[in-house]
Amino acid sequence: STMRKRKTTDSPHSSTDLSEGKEKLRLKQEVGLISGASLIAGTMIGSGIFMSPEWVLHHMGSPASSLLIWAACGLLAMFGALSYAELGTIIKESGGEYIYILRIFGSFPAFLFAYTSVILVRPAGLAAVCLSFAEYAVAPFYPGCSSPQVVIKCTAAACILLLTVINCLNVRLAMSIMNIFTAAKLLALLVIVVGGVVLLAKGQTQSFQNAFQNTTAGIGAVGVAFYQGLWSYDGWNNLNYVTEELKKPEVTLPRAVMIAIPLVTCLYLLVNVSYLAAMTPSEVLSSGAVAVTWGDKVLGSWAWLISLSVALSTFGSSNGTFFSGGRVCYIAAREGHMPDILSMAHVRCLTPSPALLFTSAISLIMIISGSFTSIVNFFSFIAWFFYGMTISGLLYLKIKKPELPRSYKVPIIIPIIVLMAAVYLVLAPIIDQPQIEILYIVLFIFSGVILYFPLVRFKCHPRFLQRLTLHLQLFLEVAPTTRDAN
């Protein structure tokens, strides 16, 4: 059987008693239904809906086909999240794809996922969102000209440091900030939706006449348009990263998904209709930031509200990305795939502070080293490769292990559709327009082999690492944790 048995006894990586007779340290279960739905919606609604519409339209060629892509992306995110909800009720551990790949396929593929995610994907995604936050936040101080790169990078770095402090101090504080910013960004999207309804009522429907004209039909173009749209939906799987911190995960996980994703999909479609009501397709394509151009046209002197909304939205999204990204690093360390220090939690705050500090350090390096213009396509390529692997694991469990207890079941056709979409999204751009960068990414993923065998399989740990771990433990006031034995 390839389904790996969960350890009911504690491994050296997963827990240690703080002292004889004392209670074991664990993360608190503080994420309820509202916070769960807010974490999904709040991470999904980032900079994407304010930036991506022009690129989806660019690749698809017509307004109607671009709206179809937005609807299809929402449906795919919903199907993916429902499939993950079943996985989350079978394997009730935090860590998302990492823990599912580990329990179903074993240690080696799980290590490759953790290595790629912790070193490249999560910090790069966080850095990209923080850079777009910084761009909008400093724009009002440089009217009529582009903001200096050094100011943007310093603001993005300050954003990451602030998020680190918030998330290291208190889970409840991080979730409260998530809830507040989610409410603010939903309000901003509602302003755009209402503006669009008013414009349509006045008869501004020229963008929707002959709406399918100039539609692109190329397999690669549709794949890349999906990448751009799905970037805006990224975060649909975020609740699976914090399963152990959910109150009643078997109920909260599916319900939060069913509330958050349809809400975001409807908003995205209405916002795109509003953009096209205010601007012609050619104006959308020539706009650097669609939401700001929309604000200038519709709100006039109140256009600054949109820039403020986008800045708030991206800050809230980066908080969600950071909150879940730190958990992957923490869980991987707890399973022995990362240094032990990253599996520890603060003795008073009960947050995985070493993992959060590590994630923020790599994100800061990425901010300093460059910009992220092509990150969306490469981020999506890696993400959908591992999403496909995870969904194939669910199909394996449904067919081979139907007896496993699960409080929620998704119809088998849904994960099959998600798996087919994942295969298409990984292969279509490679077949249509092969790019050397994708080869670099594949080489990076498999460079993990060099680290896996000596450090994980044969456990060749240099003596100085143990001394360093002890010193860091004392300095950071952290101790090993135990998992919930659900």
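Each residue, glycine too, has its Cβ placed from N, Cα and C.
Model, not experiment: these values are computed from the prediction.
Ranges compared are 97-118, 119-140, and TrEMBL records transmembrane segment for 97-118. Listed by sequence, the residues of this chain that lie at least six past the ends of the transmembrane segment (378-397) yet keep a Cβ under 8 A from its Cβ atoms are 2-3, 80, 83-84, 86-87, 90, 97, 100-101, 104-105, 109, 113, 116-117, 120-121, 124-125, 128, 227, 230-231, 234, 237, 404, 412, 415-416, 418-419, 421-423, 425-426, 429, 437-438, 441, 445.
Through the fold, the transmembrane segment (256-278) approaches residues 33, 36-41, 44-45, 49, 53, 63, 66-67, 70-71, 74-75, 77-78, 81-82, 84-85, 186, 189-190, 192-193, 195-197, 199-200, 204-205, 207-208, 232-233, 236, 239, 284, 290-291, 294, 297-298 of its own chain, all at least 6 residues removed from its boundaries and within a Cβ separation under 8 Å. The transmembrane segment (97-118) shares the most Cβ pairs under 8 Å with 437-458, out of the stretches 31-52, 64-85, 180-201, 409-431, 437-458.
Beyond the transmembrane segment (64-85), the same-chain residues lying 6 or more positions past its ends with a Cβ under 8 Å from any Cβ of the stretch are 40, 44, 53, 56-57, 96, 208, 211-212, 215-216, 222, 225-226, 229-230, 232-233, 236-237, 240, 253-254, 257-258, 261-262, 264-265, 268-269, 272-273, 387, 390-391, 394, 408, 410, 414-415, 417-418, 421. Beyond the ends of the transmembrane segment (409-431), by six or more residues, the same chain brings 76, 79-80, 82-83, 85-86, 219-220, 222-224, 226-227, 230, 377, 380-381, 384-385, 387-388, 391-392, 394-395, 398, 438 to within a C-beta distance below 8 angstroms of the stretch.
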